[in-house]
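*Asks:* Have a look at this one.
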Amino acid sequence: SRAYSLVDSSQVSTFLISILLIVYGSFRSLNMDFENQDKEKDSSSTAGSFNGNSTNNSIQTIDSTQALFLPIGASVSLLVMFFFFDSVQVVFTICTAVLATIAFAFLLLPMCQYLTRPCSPQNKISFGCCGRFTAAELLSFSLSVMLVLIWVLTGHWLLMDALAMGLCVAMIAFVRLPSLKVSCLLLSGLLIYDVFWVFFSAYIFNSNVMVKVATQPADNPLDVLSRKLHLGPNVGRDVPRLSLPGKLVFPSSTGSHFSMLGIGDIVMPGLLLCFVLRYDNYKKQANSDSCGAPGPGNISGRMQKVSYFHCTLIGYFVGLLTATVASRIHRAAQPALLYLVPFTLLPLLTMAYLKGDLRRMWSEPFHSKSSSSRFLEV
């Protein structure tokens with residue numbers, strides 16, 4: 001009963017939503033790779049290859065240098081938000097709202113494609129210099145803009161969570177980790193970043209920098225605009241301050257507190273899960289092309305059937321559960337990556353070593369090979 005009391009309904013909601021976001025974002029990423037393969041095959045007679053560096057310009061692949069400097073850049077951004085929040089909060093809120101609008105439209109796009117498929121062709125409509133868009137893209141963007149406007153007017157936590165979910169899925173789908181080496185560099189650096197700013201920043205700055213930045217609400221742009229334009233005391237002054245969609249929050253059953261999980265604690269392990277899902281698919285294609293060649297002789301067939309994706313996903317869940325229990329025991333904010341990184345990386349490295357894939361996954365997991373692509377329905 002003691003263990004049960006350490007996890008309430010808000011934590012359960014956080015577990016389920018974060019896992020669903022990671023799984024959905026990973027499969028959207030893999031589906032985008034399949035789409036790019038088919039486009040390459042249509043535009044060239046040369047057989048396409050399944051590799052980690054997509055030719056799609058909208059996809060960003062993180063290299064070793066970026067993985068090393070990302071925690072430093074995140075630390076600088078955190079300090080800017082900590083010291084100059086009052087000066088940059090409006091600009092930051094507007095930029096976040098724009099990014100959340102685009103990301104949530106991406107999240108809604110498959111549903112809108114399903115809804116518009118029976119009643120409209122998939123021809124693109126031209127909007128001049130703005131580009132060409134399908135009816136599904138226009139519908140998803142319109143719904144996203146409507147949701148952001150309602151969020152600005154109401155500041156409701158559920159709408160903020162919806163925007164945060166869109167950001168999570170978009171980042172997992174459009175950012176790639178090319179190898180296990182880059183994954184280890186990125187996650188290890190972010191673990192140190194998370195631990196320092198949660199546990200040790202108070203000794204230097206007399207305040208928990210991470211918690212203060214994550215929980216500090218921003219002025220509503222409508223309120224700021226009404227004050228700048230002197231529109232009167234009754235115009236735009238009753239709108240609430242906004243908690244920015246950089247996190248997922250869920251109220252407890254009693255309403256006494258909120259459970260909070262930063263989107264970085266979803267996205268960064270999600271990038272690792274996306275990487276291993278792509279490697280599982282690549283290895284499956286390689287095995288089918290080699291007529292089902294067996295793995296190393298010292299590994300049982302049952303071990304060979306266990307996918308890296310499922311192993312890492314279970315590790316993510318156990319790490320998230322451990323972080324939640326630790327936060328309830330110590331009654332203080334915990335750096336989630338302190339638990340998520342070991343529980344995801346260590347089982348993955350162990351399984352890769354036992355299967356004999358560690359060397360290949362470490363440096364160049366995806367080499368050129370001809371393979372047939374197949375769409376995944378998500």
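Each Cβ is built from the backbone N, Cα and C atoms, and glycine gets one as well.
What you are looking at is a predicted structure, and each value in this text was computed from that prediction instead of being measured.
OK, TrEMBL features for this one:
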type	residues	note
TRANSMEM	12-31	transmembrane segment
TRANSMEM	67-85	transmembrane segment
TRANSMEM	91-112	transmembrane segment
TRANSMEM	133-152	transmembrane segment
TRANSMEM	158-177	transmembrane segment
TRANSMEM	184-205	transmembrane segment
TRANSMEM	258-277	transmembrane segment
TRANSMEM	308-330	transmembrane segment
TRANSMEM	336-354	transmembrane segment
*Asks:* What residues elsewhere in the chain lie close to the transmembrane segment (336-354), defined as a C-beta under 8 angstroms and at least 6 residues from its ends?
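*Replies:* That would be 180, 183-184, 187-188, 190-191, 194-195, 261-262, 264-265, 268-269, 272-273, 276, 299, 303, 306, 308, 311-312, 314-316, 318-320, 322-323, 326, 361.
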*Asks:* Same-chain Cβ contacts of the transmembrane segment (67-85) under 8 Å, 6 or more residues past its ends?
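*Replies:* Same-chain residues near the transmembrane segment (67-85) but 6 or more away: 92, 182, 185-186, 189-190, 192-193, 197, 205, 207, 209-210, 212-213, 216, 218.
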*Asks:* In terms of Cβ proximity under 8 Å, which residues at least six beyond the ends of the transmembrane segment (133-152) contact it?
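*Replies:* Residues 97, 100-102, 104-106, 108-109, 111-113, 115-117, 120, 122-125, 127, 159-160, 162-163, 166, 220-222, 239, 242.
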*Asks:* Considering only the recorded stretches 91-112, 158-177, 258-277, 308-330, state which has the highest number of Cβ pairs under 8 Å to the transmembrane segment (184-205).
*Replies:* 258-277
*Asks:* List, by number or range, the same-chain residues at least 6 past the transmembrane segment (308-330) whose CB is under 8 A from its CB atoms?
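*Replies:* Long-range Cβ neighbours of the transmembrane segment (308-330): 3, 6-7, 11, 14-15, 18-19, 22-23, 26, 259, 261, 265, 269, 272-273, 276-277, 279-280, 336, 338-344, 346-348, 351-352.
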